[in-house]
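J.: Mind looking over this structure? Questions follow.
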(Lines of atoms letter the chains of each structure in order from A and count residues from 1; the text may use other names and numbers.)
(Lines give C-alpha, C1' and ligand atoms only; values in the text may rest on other atoms or scores of the structure.)
Protein backbone atom coordinates (compact mmCIF):
# COMPACT_ATOMS: atom_id res chain seq x y z
CA UNK A 1 0.00 0.00 0.00
CA UNK A 2 1.29 3.46 -0.98
CA UNK A 3 1.22 5.96 1.85
CA UNK A 4 1.20 9.73 1.34
CA UNK A 5 4.12 11.62 2.86
CA UNK A 6 3.55 14.96 4.47
CA UNK A 7 6.03 17.80 4.52
CA UNK A 8 7.90 18.16 7.82
CA UNK A 9 7.24 20.95 10.28
CA UNK A 10 4.16 23.11 10.70
CA UNK A 11 3.73 23.80 6.97
CA UNK A 12 0.88 21.54 5.82
CA UNK A 13 1.48 22.10 2.10
CA UNK A 14 2.83 19.16 0.13
CA UNK A 15 6.50 19.38 -0.90
CA UNK A 16 6.60 16.19 -2.93
CA UNK A 17 4.20 13.86 -4.72
CA UNK A 18 4.04 10.12 -5.29
CA UNK A 19 3.25 9.06 -8.87
CA UNK A 20 1.26 5.82 -8.76
CA UNK A 21 2.23 4.94 -12.32
CA UNK A 22 0.25 3.14 -14.98
CA UNK A 23 -0.84 0.14 -12.91
CA UNK A 24 -0.57 -1.20 -9.36
CA UNK A 25 -0.68 -4.88 -10.41
CA UNK A 26 2.74 -6.40 -9.47
CA UNK A 27 2.66 -9.08 -12.19
CA UNK A 28 2.39 -6.40 -14.89
CA UNK A 29 5.17 -4.10 -13.66
CA UNK A 30 8.18 -5.82 -15.27
CA UNK A 31 6.53 -6.65 -18.64
CA UNK A 32 5.25 -3.08 -18.94
CA UNK A 33 8.67 -1.69 -17.99
CA UNK A 34 10.34 -3.52 -20.90
CA UNK A 35 7.44 -2.70 -23.26
CA UNK A 36 7.63 1.04 -22.65
CA UNK A 37 11.42 0.99 -22.58
CA UNK A 38 11.34 -0.58 -26.05
CA UNK A 39 8.79 2.02 -27.23
CA UNK A 40 10.99 4.83 -25.89
CA UNK A 41 14.13 3.47 -27.58
CA UNK A 42 12.28 3.07 -30.90
CA UNK A 43 10.90 6.59 -30.54
CA UNK A 44 14.36 8.05 -29.87
CA UNK A 45 16.00 6.17 -32.74
CA UNK A 46 13.17 6.96 -35.17
CA UNK A 47 12.98 10.68 -34.44
CA UNK A 48 16.75 11.17 -34.19
CA UNK A 49 17.18 9.22 -37.42
CA UNK A 50 14.66 11.42 -39.23
CA UNK A 51 16.30 14.58 -37.88
CA UNK A 52 19.76 13.39 -39.05
CA UNK A 53 18.43 12.44 -42.51
CA UNK A 54 16.81 15.85 -42.99
CA UNK A 55 19.96 17.70 -41.87
CA UNK A 56 22.38 15.64 -44.00
CA UNK A 57 20.40 15.55 -47.26
CA UNK A 58 20.03 18.86 -49.14
CA UNK A 59 17.12 17.58 -51.25
CA UNK A 60 15.09 17.40 -48.01
CA UNK A 61 15.71 21.07 -47.22
CA UNK A 62 12.17 22.09 -48.20
CA UNK A 63 9.30 23.56 -46.15
CA UNK A 64 7.62 20.15 -45.83
CA UNK A 65 10.70 18.55 -44.26
CA UNK A 66 11.54 21.68 -42.30
CA UNK A 67 8.27 21.24 -40.39
CA UNK A 68 8.81 17.48 -40.21
CA UNK A 69 12.20 18.22 -38.60
CA UNK A 70 10.45 20.35 -35.97
CA UNK A 71 7.81 17.67 -35.44
CA UNK A 72 10.50 15.03 -34.81
CA UNK A 73 12.36 17.39 -32.47
CA UNK A 74 9.16 18.07 -30.52
CA UNK A 75 8.29 14.35 -30.32
CA UNK A 76 11.83 13.61 -29.14
CA UNK A 77 11.62 16.22 -26.39
CA UNK A 78 8.22 15.64 -24.93
CA UNK A 79 8.55 11.86 -25.03
CA UNK A 80 11.75 12.36 -23.00
CA UNK A 81 9.90 14.61 -20.55
CA UNK A 82 7.39 11.82 -19.81
CA UNK A 83 8.73 8.31 -20.43
CA UNK A 84 11.89 8.12 -18.23
CA UNK A 85 9.90 9.19 -15.15
CA UNK A 86 7.15 6.74 -16.08
CA UNK A 87 9.65 3.86 -16.25
CA UNK A 88 10.72 4.57 -12.65
CA UNK A 89 7.16 3.81 -11.48
CA UNK A 90 7.48 0.22 -12.69
CA UNK A 91 10.52 -0.59 -10.53
CA UNK A 92 10.12 1.47 -7.34
CA UNK A 93 8.00 4.06 -5.59
CA UNK A 94 8.17 7.12 -7.79
CA UNK A 95 8.59 10.28 -5.69
CA UNK A 96 8.74 13.65 -7.42
CA UNK A 97 9.27 17.02 -5.73
CA UNK A 98 6.79 19.85 -6.20
CA UNK A 99 9.35 21.82 -8.26
CA UNK A 100 10.12 18.81 -10.49
CA UNK A 101 6.41 18.17 -10.93
CA UNK A 102 5.75 21.75 -12.06
CA UNK A 103 8.77 21.62 -14.39
CA UNK A 104 7.54 18.41 -15.99
CA UNK A 105 4.06 19.88 -16.39
CA UNK A 106 5.45 23.04 -18.02
CA UNK A 107 7.52 21.21 -20.64
CA UNK A 108 4.78 18.67 -21.25
CA UNK A 109 2.25 21.46 -21.97
CA UNK A 110 4.84 23.40 -24.00
CA UNK A 111 5.68 20.53 -26.35
CA UNK A 112 2.10 19.25 -26.71
CA UNK A 113 0.88 22.71 -27.76
CA UNK A 114 3.88 23.00 -30.10
CA UNK A 115 2.86 19.75 -31.76
CA UNK A 116 -0.68 21.04 -32.30
CA UNK A 117 0.60 24.01 -34.27
CA UNK A 118 3.38 22.16 -36.11
CA UNK A 119 0.75 19.75 -37.46
CA UNK A 120 -1.29 22.82 -38.45
CA UNK A 121 1.69 24.37 -40.26
CA UNK A 122 2.25 21.07 -42.10
CA UNK A 123 -1.40 21.05 -43.23
CA UNK A 124 -1.09 24.63 -44.51
CA UNK A 125 2.12 23.67 -46.32
CA UNK A 126 0.28 20.83 -48.12
CA UNK A 127 -2.56 23.23 -48.97
CA UNK A 128 -0.10 25.72 -50.49
CA UNK A 129 1.70 22.96 -52.44
CA UNK A 130 -1.44 21.39 -53.92
CA UNK A 131 -3.86 24.31 -54.22
CA UNK A 132 -1.42 27.11 -55.11
CA UNK A 133 1.59 25.39 -56.71
CA UNK A 134 2.62 28.41 -58.80
CA UNK A 135 2.82 30.61 -55.68
CA UNK A 136 4.26 27.90 -53.41
CA UNK A 137 7.83 29.25 -53.23
CA UNK A 138 6.51 32.69 -52.30
CA UNK A 139 3.81 31.46 -49.92
CA UNK A 140 6.18 29.09 -48.13
CA UNK A 141 9.45 31.02 -48.32
CA UNK A 142 12.10 30.30 -45.71
CA UNK A 143 11.35 33.61 -43.98
CA UNK A 144 7.66 32.72 -43.66
CA UNK A 145 8.50 29.20 -42.47
CA UNK A 146 10.79 30.62 -39.77
CA UNK A 147 8.11 33.10 -38.65
CA UNK A 148 5.56 30.28 -38.47
CA UNK A 149 7.98 28.25 -36.35
CA UNK A 150 8.55 31.18 -33.98
CA UNK A 151 4.77 31.46 -33.69
CA UNK A 152 4.50 27.73 -32.93
CA UNK A 153 6.95 27.89 -30.02
CA UNK A 154 5.50 31.20 -28.79
CA UNK A 155 2.03 29.63 -28.55
CA UNK A 156 3.53 26.69 -26.67
CA UNK A 157 5.27 29.00 -24.20
CA UNK A 158 2.17 31.15 -23.57
CA UNK A 159 -0.08 28.13 -23.06
CA UNK A 160 2.39 26.36 -20.76
CA UNK A 161 2.93 29.52 -18.68
CA UNK A 162 -0.83 29.99 -18.30
CA UNK A 163 -1.16 26.48 -16.85
CA UNK A 164 1.86 26.80 -14.56
CA UNK A 165 0.97 30.24 -13.17
CA UNK A 166 -2.50 28.95 -12.26
CA UNK A 167 -1.12 25.70 -10.83
CA UNK A 168 1.39 27.52 -8.61
CA UNK A 169 -1.43 29.42 -6.90
CA UNK A 170 -2.92 26.15 -5.61
CA UNK A 171 -2.17 24.56 -2.24
CA UNK A 172 -1.80 20.79 -1.95
CA UNK A 173 -2.34 19.23 1.46
CA UNK A 174 -3.11 15.86 3.07
CA UNK A 175 -3.15 13.68 -0.05
CA UNK A 176 -0.03 13.78 -2.21
CA UNK A 177 -0.64 10.63 -4.28
CA UNK A 178 -1.09 11.37 -8.00
CA UNK A 179 -3.08 8.64 -9.75
CA UNK A 180 -1.02 8.95 -12.91
CA UNK A 181 2.43 8.24 -14.31
CA UNK A 182 3.18 11.95 -14.78
CA UNK A 183 2.26 15.38 -13.43
CA UNK A 184 -0.75 16.16 -15.57
CA UNK A 185 -3.37 18.83 -14.90
CA UNK A 186 -6.54 16.76 -14.15
CA UNK A 187 -5.01 14.50 -11.45
CA UNK A 188 -3.24 17.48 -9.84
CA UNK A 189 -6.47 19.47 -9.63
CA UNK A 190 -8.10 16.57 -7.78
CA UNK A 191 -5.45 16.86 -5.03
CA UNK A 192 -5.80 20.59 -4.42
CA UNK A 193 -7.33 21.72 -1.13
CA UNK A 194 -8.06 25.19 -2.56
CA UNK A 195 -10.54 26.22 -5.24
CA UNK A 196 -9.64 25.05 -8.75
CA UNK A 197 -12.34 27.04 -10.57
CA UNK A 198 -9.82 29.40 -12.22
CA UNK A 199 -7.60 26.48 -13.24
CA UNK A 200 -10.53 24.66 -14.80
CA UNK A 201 -11.49 27.78 -16.73
CA UNK A 202 -7.90 28.23 -17.95
CA UNK A 203 -7.75 24.56 -19.01
CA UNK A 204 -11.00 24.97 -20.91
CA UNK A 205 -9.79 28.14 -22.66
CA UNK A 206 -6.19 27.08 -23.39
CA UNK A 207 -7.04 23.54 -24.48
CA UNK A 208 -10.12 24.77 -26.35
CA UNK A 209 -8.14 27.37 -28.30
CA UNK A 210 -5.14 25.12 -28.95
CA UNK A 211 -7.35 22.27 -30.19
CA UNK A 212 -10.12 24.20 -31.95
CA UNK A 213 -7.96 26.66 -33.94
CA UNK A 214 -5.54 24.01 -35.29
CA UNK A 215 -8.37 21.52 -35.90
CA UNK A 216 -10.45 24.01 -37.89
CA UNK A 217 -7.40 25.21 -39.83
CA UNK A 218 -6.45 21.62 -40.68
CA UNK A 219 -10.06 20.76 -41.58
CA UNK A 220 -10.46 23.70 -43.97
CA UNK A 221 -7.00 23.09 -45.46
CA UNK A 222 -7.84 19.49 -46.25
CA UNK A 223 -11.32 20.37 -47.50
CA UNK A 224 -9.72 22.65 -50.08
CA UNK A 225 -7.02 20.06 -50.79
CA UNK A 226 -9.65 17.36 -51.39
CA UNK A 227 -11.62 19.68 -53.67
CA UNK A 228 -8.48 20.36 -55.73
CA UNK A 229 -7.43 16.70 -55.81
CA UNK A 230 -10.84 15.66 -57.16
CA UNK A 231 -10.31 18.20 -59.93
CA UNK A 232 -7.08 16.52 -61.06
CA UNK A 233 -7.83 14.53 -64.22
CA UNK A 234 -4.97 12.01 -64.14
CA UNK A 235 -5.23 9.05 -61.77
CA UNK A 236 -1.46 9.26 -61.17
CA UNK A 237 -1.70 12.90 -60.15
CA UNK A 238 -4.56 12.18 -57.72
CA UNK A 239 -2.67 9.21 -56.26
CA UNK A 240 0.46 11.31 -55.71
CA UNK A 241 -1.51 14.10 -54.05
CA UNK A 242 -3.33 11.66 -51.76
CA UNK A 243 -0.08 9.94 -50.79
CA UNK A 244 1.54 13.21 -49.70
CA UNK A 245 -1.43 14.01 -47.45
CA UNK A 246 -2.45 10.57 -46.18
CA UNK A 247 0.31 10.21 -43.58
CA UNK A 248 -0.41 13.65 -42.17
CA UNK A 249 -4.14 12.95 -41.87
CA UNK A 250 -3.37 9.75 -39.90
CA UNK A 251 -0.99 11.57 -37.52
CA UNK A 252 -3.45 14.45 -36.99
CA UNK A 253 -6.41 12.14 -36.29
CA UNK A 254 -4.41 10.07 -33.81
CA UNK A 255 -3.01 13.08 -31.95
CA UNK A 256 -6.06 15.34 -31.73
CA UNK A 257 -8.47 12.46 -31.09
CA UNK A 258 -6.65 11.37 -27.92
CA UNK A 259 -6.25 14.97 -26.69
CA UNK A 260 -9.95 15.75 -27.14
CA UNK A 261 -10.87 12.60 -25.20
CA UNK A 262 -8.44 13.47 -22.41
CA UNK A 263 -9.25 17.13 -21.77
CA UNK A 264 -12.73 17.71 -23.18
CA UNK A 265 -14.24 14.42 -21.99
CA UNK A 266 -17.30 13.87 -19.73
CA UNK A 267 -16.50 14.23 -16.03
CA UNK A 268 -17.47 10.60 -15.24
CA UNK A 269 -14.50 9.09 -17.11
CA UNK A 270 -12.21 7.18 -14.71
CA UNK A 271 -8.58 7.97 -13.91
CA UNK A 272 -7.40 4.71 -15.51
CA UNK A 273 -9.06 5.70 -18.79
CA UNK A 274 -7.29 9.07 -18.47
CA UNK A 275 -3.93 7.31 -18.26
CA UNK A 276 -4.64 5.07 -21.26
CA UNK A 277 -5.73 8.05 -23.36
CA UNK A 278 -2.61 10.03 -22.41
CA UNK A 279 -0.34 7.14 -23.45
CA UNK A 280 -1.48 7.49 -27.05
CA UNK A 281 -0.30 11.08 -27.59
CA UNK A 282 2.62 11.21 -25.12
CA UNK A 283 4.33 7.87 -25.78
CA UNK A 284 2.82 5.93 -28.69
CA UNK A 285 2.39 8.96 -30.99
CA UNK A 286 6.05 10.07 -30.90
CA UNK A 287 7.07 6.49 -31.71
CA UNK A 288 4.68 6.14 -34.66
CA UNK A 289 5.20 9.54 -36.32
CA UNK A 290 8.64 8.76 -37.87
CA UNK A 291 7.19 5.60 -39.42
CA UNK A 292 3.94 7.27 -40.54
CA UNK A 293 5.91 9.95 -42.39
CA UNK A 294 8.61 7.70 -43.86
CA UNK A 295 7.16 4.27 -44.75
CA UNK A 296 5.66 5.41 -48.10
CA UNK A 297 7.89 8.46 -48.54
CA UNK A 298 10.22 8.04 -51.53
CA UNK A 299 12.29 11.12 -50.62
CA UNK A 300 13.07 9.69 -47.18
CA UNK A 301 13.94 6.29 -48.72
CA UNK A 302 16.36 7.95 -51.15
CA UNK A 303 17.91 10.01 -48.34
CA UNK A 304 18.33 6.89 -46.21
CA UNK A 305 20.04 4.97 -49.02
CA UNK A 306 22.39 7.89 -49.74
CA UNK A 307 23.29 8.31 -46.08
CA UNK A 308 23.91 4.57 -45.59
CA UNK A 309 26.01 4.49 -48.78
CA UNK A 310 28.15 7.41 -47.61
CA UNK A 311 28.57 5.80 -44.20
CA UNK A 312 29.68 2.49 -45.75
CA UNK A 313 32.11 4.18 -48.16
CA UNK A 314 33.68 6.23 -45.37
CA UNK A 315 34.63 3.11 -43.42
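The backbone N, Cα and C atoms fix where each Cβ goes, and this holds for glycine too.
Remember, TrEMBL labels are computer predictions, not curated facts.
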J.: Tell me which range among 7-31, 32-56 TrEMBL lists as transmembrane segment.
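T.: Range annotated as transmembrane segment by TrEMBL: 32-56.
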J.: Tally Cβ pairs under 8 Å between the transmembrane segment (201-229) and each listed stretch (63-82, 102-124, 144-172, 276-295), then give the stretch with the top tally.
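T.: So the stretch in question is 102-124.
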J.: Which residues of the chain, 6 or more past the ends of the transmembrane segment (144-172), have a CB below 8 A from one of its CBs?
T.: 13-14, 17, 63, 66-67, 70, 98, 102, 105-107, 109-114, 117-118, 121, 124, 185, 188-189, 191-194, 196, 198-199, 202-203, 206, 210
J.: Mean pLDDT for the domain 'G-protein coupled receptors family 1 profile' (46-293), rounded to an integer?
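T.: Reported value for the domain 'G-protein coupled receptors family 1 profile' (46-293) is a mean pLDDT of 86.
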